[in-house]
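Annotated in TrEMBL:
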- A:157-282: domain 'Palmitoyltransferase DHHC' (DOMAIN)
- A:60-78: transmembrane segment (TRANSMEM)
- A:84-107: transmembrane segment (TRANSMEM)
- A:203-228: transmembrane segment (TRANSMEM)
- A:248-272: transmembrane segment (TRANSMEM)
Amino acid sequence: MMKNCEYQQIDPRALSVSPSSTQSHTETKVQRSRRKWEVFPGKNRFFCNGRIILARQSGILPLTLGLIVVTCGLFFAFDCPFLVKHLTVFIPVIGGVLFVFVVTSLLRTSFTDPGILPRATPDEATDIEKQIDTSGSSTYRPPPRTKEILINQQVVKLKYCFTCKMFRPPRTSHCSLCDNCVERFDHHCPWVGNCVGKRNYRFFYSFIISLSFLTSFIFGCVVTHITLRSQEGKSLVQSIQESPASVVELVICFFSIWSIMGLSGFHTYLIASNLTTNEDIKGSWSSKRCTEDSGNPYSYNSIITNCCATLCGPMPPSLIDTRGFLSLDEAIPAASASELELPPFTAKNDAHMCTQSTKDVLERMVHSYDIHDLCPPGTPKTTPLGLEVSSTAAPSTEPSPSAGCLRQHALQPMADPCPPFSRSSKRRDSLHSINPAFRLASPSPSLSHTTLILGDAPAIGFIPLP
Amino acid sequence: MATEFHNLQELRHSASLVTKVFVQRDYSEGTICRFQAKFPSELDNRIERTLLEETVKTLNSYYVEAEKIGGQSYLEGCLACATAYIVFLCMETRYEKVLKKITGYIQEQNEKIYAPRGLLLTDPVERGMRVLEISVFEDRGSGSSSPSSSLSSAGSSAR
């Protein structure tokens with residue numbers, strides 16, 4: 001029998017009653033108070049009881065550390081004795097200082113919270129929903145994904161993040177690898193194993209600058225070493241045979257120098273113009289995209305001020321409060337949310353879902369009539385686009401949309417329909433060709449839209465009105 | 001209509017939460033932390049406009065002070081850079097000091113102004129500096145609090 005889902009906004013007043021009613025239940029359930037890092041929704045790993053934060057995939061951080069330690073170890077063991085004897089004792093001293101700088105900057109970059117924004121509380125998410133759904137109509141319209149604001153007399157679009165359920169502040173981006181919104185998001189660096197954002201950008205910059213100095217210093221010293229050895233009446237080949245470690249260091253340094261120095265130069269340019277890698281790559285403020293009198297609204301229009309603001313500006317504290325204790329009313333939704341989350345919903349699945357044929361999608365939508373309340377939480381992994389919402393095509397977001405429902409009994413993985421509008425032209429062509437069929441399969445525009453706001457508390461959800 | 005509470009403890013014990021009002025961030029001057037001075041309409045009959053605006057203005061000035069790029073922040077930055085940022089592990093930054101001041105200010109405002117009117121401000125730091133959350137309470141003893149209980153029963157039956 002066909003059952004239609006009903007969209008119903010959850011009243012925040014209903015929410016507030018729940019903690020008190022389930023007070024006795026939680027007291028038995030939560031024996032010890034947990035720290036907030038234990039229920040952190042993003043894909044991060046925590047060590048030392050919440051003091052150290054890392055991305056889930058540590059990437060090639062061990063390789064980076066290994067390369068640095070091995071190269072410096074070989075340098076100190078094989079080149080320094082010779083150079084100290086022939087030149088000066090300051091060589092290992094300088095090398096040591098640079099090494100300390102490099103390693104501490106690297107560790108600080110990797111282990112510091114890059115500026116993660118905590119996800120919106122259910123009350124906030126409801127409030128935002130209320131604000132954008134101001135028409136008050138019975139059919140559920142999808143909320144607009146962008147909000148335009150004026151920053152320094154320039155129009156900037158704020159995008160809505162479906163995972164974090166909030167309009168992202170300017171310069172904030174959602175990292176798909178860490179599944180967090182990060183303030184002043186620069187990029188996710190696999191070498192460092194963490195995102196680079198507002199709070200650790202200066203550590204990252206000092207890491208690459210000191211690494212450039214270190215690699216050039218070691219390269220120079222090793223070349224000097226081999227040159228001096230060969231000047232003592234031996235041939236070059238003989239000198240190399242006497243000190244094979246130097247060749248290893250030479251090779252490593254030679255290949256690293258180009259990339260590291262290039263990166264340092266690039267980031268120096270970014271700092272001087274107060275840009276992030278993300279903005280530069282997207283060309284958000286380039287002259288091609290923008291009109292004549294627009295540019296970077298965040299720039300202070302002075303290289304020195306830009307540098308000082310980015311590198312010597314105030315250090316904001318971490319907003320996620322990893323070591324705080326969970327209050328009782330936070331513990332319940334967090335605990336049940338973790339029960340609901342299904343492991344299959346990783347980035348891979350989302351990409352897979354997005355590339356499925358629309359035919360499958362249509363079939364599934366027909367099935368969705370029967371399993372109206374079996375919508376599992378899913379999380380979009382990529383940045384949502386500003387969508388053109390049209391009444392004809394089924395509106396959904398570019399990343400795989402999450403279908404959220406009220407606290408429900410069984411959970412079956414239901415793939416979500418892919419959006420008709422996307423950046424890839426291939427997808428667009430295939431969808432346009434079967435657009436009429438797509439429209440037919442979804443009698444009510446409200447039902448075809450499965451992009452719902454999913455709260456961390458299972459009580460939050462929106463079901464489509466018939 | 002406005003319920004009277006004499007202190008925060010009384011508020012928490014005897015009142016039930018009706019709704020939460022959110023004051024959003026104002027990004028017109030960039031990414032600096034600043035809250036909108038617009039008065040939310042839901043609080044029209046709960047508190048005087050000027051009081052809330054004054055609180056928001058003071059909070060904004062505190063944030064400006066915290067994020068000011070000037071002599072002290074440069075000194076802090078250069079010192080940190082010179083010590084390979086180890087100094088951040090030992091020392092409290094200026095930003096953190098100002099945030100502590102803000103917490104104290106909000107506590108004081110809650111006790112003096114907002115709790116007697118059945119409102120409670122939540123420190124923006126606890127909400128990721130995105131919103132200034134104002135919880136609106138209603139006295140449980142009074143008859144006007146029935147809407148919340150009836151809604152909860154309606155909500156549970158719908159499931």
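Note that Cβ sites are derived from N, Cα and C of the backbone, with glycine treated the same way.
No curator has checked TrEMBL annotations; they are predicted automatically.
Predicted, not measured: the structure shown is a model, and the values here were computed from it.
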Within the domain 'Palmitoyltransferase DHHC' (A:157-282), residues counted as helix, strand or coil by DSSP: 73 helix, 19 strand, 34 coil
Chain residues in Cβ proximity to the transmembrane segment (A:84-107) (below 8 Å; excluding those fewer than six residues from its ends, i.e. six or more beyond): 64-65, 68-69, 72, 75-76, 192, 203-204, 206-207, 210-211, 213-214, 217-218, 221, 224, 228
Model confidence over the domain 'Palmitoyltransferase DHHC' (A:157-282), averaged pLDDT: 89
